[in-house]
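If you check TrEMBL, you get these features:
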type: COMPBIAS; residues: 1-14; note: compositional bias 'Acidic residues'
type: REGION; residues: 1-88; note: region 'Disordered'
type: COMPBIAS; residues: 23-34; note: compositional bias 'Basic residues'
type: COMPBIAS; residues: 35-65; note: compositional bias 'Basic and acidic residues'
type: TRANSMEM; residues: 196-218; note: transmembrane segment
type: TRANSMEM; residues: 277-295; note: transmembrane segment
type: TRANSMEM; residues: 369-390; note: transmembrane segment
type: TRANSMEM; residues: 410-431; note: transmembrane segment
type: TRANSMEM; residues: 443-463; note: transmembrane segment
type: DOMAIN; residues: 513-628; note: domain 'TMC'
type: TRANSMEM; residues: 590-612; note: transmembrane segment
type: TRANSMEM; residues: 633-654; note: transmembrane segment
type: TRANSMEM; residues: 690-714; note: transmembrane segment
type: COMPBIAS; residues: 732-742; note: compositional bias 'Basic and acidic residues'
type: REGION; residues: 732-853; note: region 'Disordered'
type: COMPBIAS; residues: 761-771; note: compositional bias 'Polar residues'
type: COMPBIAS; residues: 772-782; note: compositional bias 'Basic and acidic residues'
type: COMPBIAS; residues: 810-833; note: compositional bias 'Pro residues'
type: COMPBIAS; residues: 844-853; note: compositional bias 'Gly residues'
Amino acid sequence: EDKEGDDSNEEDSDSQQNEASRRKNYQRKNRDRKKAGEAPAKDQKESENKEKKTTKKGKEEENKQKKDRKNSTYSASSNSSDEESLSEEELAMLMEQVEQKKKLISTMRNKPWRMVKKLSVLREAQAFVEKFEGALGKGKGKKLYAYKMMMAKKWVKFKRDFENFKTQCIPWEMKIKEVESHFGSSVASYFIFLRWMYGVNLVLFGLIFGLVIIPEILMGMPYGSMPRKTVPRAEQATAMDFSVLWDFEGYIKYSALFYGYYNNQRTIGWLKYRLPMAYFMVGISIFGYSLMVVIRSMARNANESTADGDDDNFVFSWKMFTSWDYLIGNAETADNKFASITTSFKESIVDEQESNKDENIHLRRFLRVLANVLIICCLCGSGYLIYFVVKRSQTFSKMQNAGWYERNEVEIVMSLLGMFCPPLFETIAALENYHPRIGLKWQLGRIFALFLGNLYTFLLALMDDVNEKLAEEDVVKNITYWTLLSHHNSSVGNDSTATPPPLDPADVPRGPCWETTVGIEFVRLTVSDILVTFITILVGDFIRACFVRFVNYCWCWDLEAGFPSYAEFDISGNVLGLVFNQGMIWMGSFYAPGLVGINVLRLLTSMYFQCWAVMSSNVPHARVFKASKSNNFYMGLLLLILFLSLLPVAYTIMSLPPSFDCGPFSGKKRMYDVIQETIELDFPVFVAKIFSYVANPGLIIPAILLMVLAIYYLNSVSEAYQRANAELKKKMQMQREEEKNKRNNKASTGPMLQDLDDLLTPNTKTESQPKQAEDKKIESPDKTSPVRKPGKGAVVDGSPLTGGRGAAFTPPPHVFVTQPLPPRVRAPYPGQPRPWGHPLGPFPGRGRGQPRY
C-alpha cells in the first residue's frame, strides 16, 4: 500500500509538471501573437477550447487509471466494498424514497389524474421500487432480502389473481351486473336470489342423487325383478305413449324418479348399504340443511346491513363525486357503469320525493282499506275455486275415458290463478300510493297469501284422496295375498316339496301407492309452472315488445307511450314464483326424489331465459327504487314457506301408514320405525337406552320450553342493542349538527368581532398620536437641511432616542388610523418650557412614569 501511495504521488507531480509546461507554452504563444498582432479572437477561443478539452481528456484518463488500479488492489475485499458502497445517510434517504413510492402505488387509484399520467407514474414508481428495494440489505443479507421481497410480491400477486379467479368463478356475475346497471338494484336482487336458490338446490340434488338414487340403481334389484319395479300387464301397451309419459305415468311412474321404485330391503349390495335408513335421513337432512342455510343467510345479511350504516347524508354529493371507477378500461363496462350511476340517481330522487311528499291522510286511509277488502275477496274466491276443482278431479280420476283437460284441470287452474291474480293485485294496489319499496313488500305479502292459500287448499283436497287410497289398500292387500297363495297352491299341487315357478311381477295385483301419487301431483305442478312461466315471458314480453317496436310506425297512437307499451319486469310475481316453487320442491322431494333434479334444470334455464328477456323485451320501472340493503324480506318469506312445507311431510311421517307394496318403508306401521329398527339391530344396548330416554316427552317438552325462552331472551337483547344503536346515532347526529352550527356562528360573528376591534383600536391610537407629533417635530429640522453631517450629538437613526422612522416606539403596522391627526405644534427650543404643564419624562415624547409599549 505504501508503494502504491508513492506511485500515486509521483503521478500527481508528473501531471502538475505537464500542466505547468502547457501553461508556459500557451503564454509564449500569446506573447508572440500579441507582438505580431495576427491572432484574431476566434482562433484564440478555439485554441483555448481545444487545449481545455485535451486537459480534460488527460485528467479523465488519469482518473480511470487510478480507479482501475484501486479496483485491482481491492478486488480481494469485495464484500467489504459492497457494505461501504452506500453510507447510512444514503440508505436512509433511499429507504424513505422507496416508502414514498410504495405509498404512491397504493394510493394511485385516488389521485385525480388522467389515466395516461397514472399509468406512467405507476410504471416509474414500480421500476424504482424494484430497482432499489434490494439495496436496503447488506452483504449476504442483501440477496436474502431481495429473495424475500420477490416472494412477497409474488404472494401478493397470487392473492390478487386468486381473488379475481374467485370473482370469475361466481356464476352469472357479469350478467347480473349488466342487469343491475340498466334496471336497478331491485331487479338485480331477484337474479341474485335466483342464483342463491340454484346453489341450494344443487347441494340438495347432490345429497339425494349421491345417497339415494345412485345406490339404488347400482346395488338394488334391477328393473322388472319385482312388482314395484315393473309396469303392470294392463298398462304395458300404452306405457311409452307421449300422452301417458306427459302425465308421468307408464315407465316414468315405475322409475327411480318416484318413491315407489325403491326396495324395502334393510341392506343392499356388497357394501351392506342401508337404503331405507339413508332415504329417511336424507329426507330429514334436506329440511335441516335448508333451514340452516336460510337462517345463516339472514344473519349475514343483517350483519352487512348494520355494518354499512345509513347513507342519508349528502347522498347526491357522494354519488356525484365518488361513483365512477377510474380503473375501467373496457368500453362496454364503462357504458354499464354509466347506466348504473344514472339509475342510482333515479333511485335516490324517488326516495327524496317520497320523503318530502304531503298527502291527505283520511282519503289515503279510506283507499287503502278499500284495496285490502278487494284483495281479501280475491283470495277467498281463489281458495274456493281450487278446493272445488280438486274435489271434482277425484271424480274425473275414476272415469276411464277422461280427457286431457279433466286429467290436468287442477294444475291448469292453479297456474292460471298464479298468472292473473298478481297483476290484478298490482292494479288494486295503485289506490294505496305507497313508496315503491313498501308497495313491493305489500304486493309480495298478498301474492304470498294467494299462493299459500292455494297450496294448502290443494293439500287438504289431496289428503282426502290419500285417505281414500289408504282405505282401498286394505282391499288390494287381501287380493294380492290370495293371488300369491292360489298361484303357489296351483303350481305345487300335491307335491309339497317342489318349488313353485315364480309369478310374473307384471301379473301381481298392485296397491294404489299413495306416496307415488302425491309425488306425481307435485311433479305435474312443477312442470306446469315452468311451462306457464316460459310461455308468459315469451308471449307477454317478447312478442309484445316486437309488436310495439315494429308496428308503432303505422299505428293510430303511440304504442310505446300508451297501450300496450313495453312490459316492466314483475319483481313480486317472479320472487313469489320462486319461493312457492321451492316450497313444492321441499314437500315433494320426499315422495319424488328426482324432483330436485327437475328444479335444478328449471332454475338453470330460467337464469338465461329471463336475463335475455329482461335485456331485450323489458324496460326499467317508471319509478326506479332501491332494493333494501339486505334480502332478508325474501329470506323471511322463504323461511316461512320452509316451515309450512315441513308440516305436511312431518304429518305423513308420524301419522300415516306407508304403502304395503312400494317404497323403502313398506311393511312397517310408521315410516319413523326405521330409526328404531336401526338402533336396535346395529347399535349396542346402552345406545338404545340413551335414545329411549332422550325420546321421552318429559325431556323433550322442557327442552322446547328452554329453547323458546332462549330465543325470547336473545330477541330482547337484540332489540335493546338496536335501540341503543338508534340512540347513539341520534346523539352523533346532534353532535355533528352542533359542530356545524358552531362553525356557522363563528363564520357569521367573525366580521362583527372585526368591527368591534376597529371601534376599540382608536383609543390606543390616540395615545400614540402625541408621540407621533413629537417625532415629526424632531424630524422637521432635518427637512430644512438637505445634507446633515452627523456630529457628536448626532444619534444613529433607528435608536430609541430619536423620533425617526426606525424608532422603537412607533405604532405597530396592524393598527389602522380611524381619526384625523391633530394640528402640528412646533417643538420648543432647548431650555424653553414645554407648552404642556408637566415636566419631561425619561424619554423624549413621553410623559411621566414608565414607557408604555
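Here the Cβ of each residue, glycine as well, is placed from N, Cα and C on the backbone.
Taken together, the residues of the domain 'TMC' (513-628) have an average pLDDT of 85.
In this chain, the transmembrane segment (277-295) lies close to the transmembrane segment (633-654): three or more C-beta pairs between them fall below 8 angstroms, excluding pairs fewer than 6 positions apart. Broken down by DSSP into helix, strand and coil, the domain 'TMC' (513-628) contains 82 helix, 4 strand, 30 coil. If one looks beyond the transmembrane segment (369-390) by at least 6 residues along the same chain, the residues whose Cβ comes under 8 Å of a Cβ in the stretch are 409-410, 413-414, 417, 421, 424-425, 428-429, 431-432, 446, 449-450, 453-454, 457-458, 460-462.
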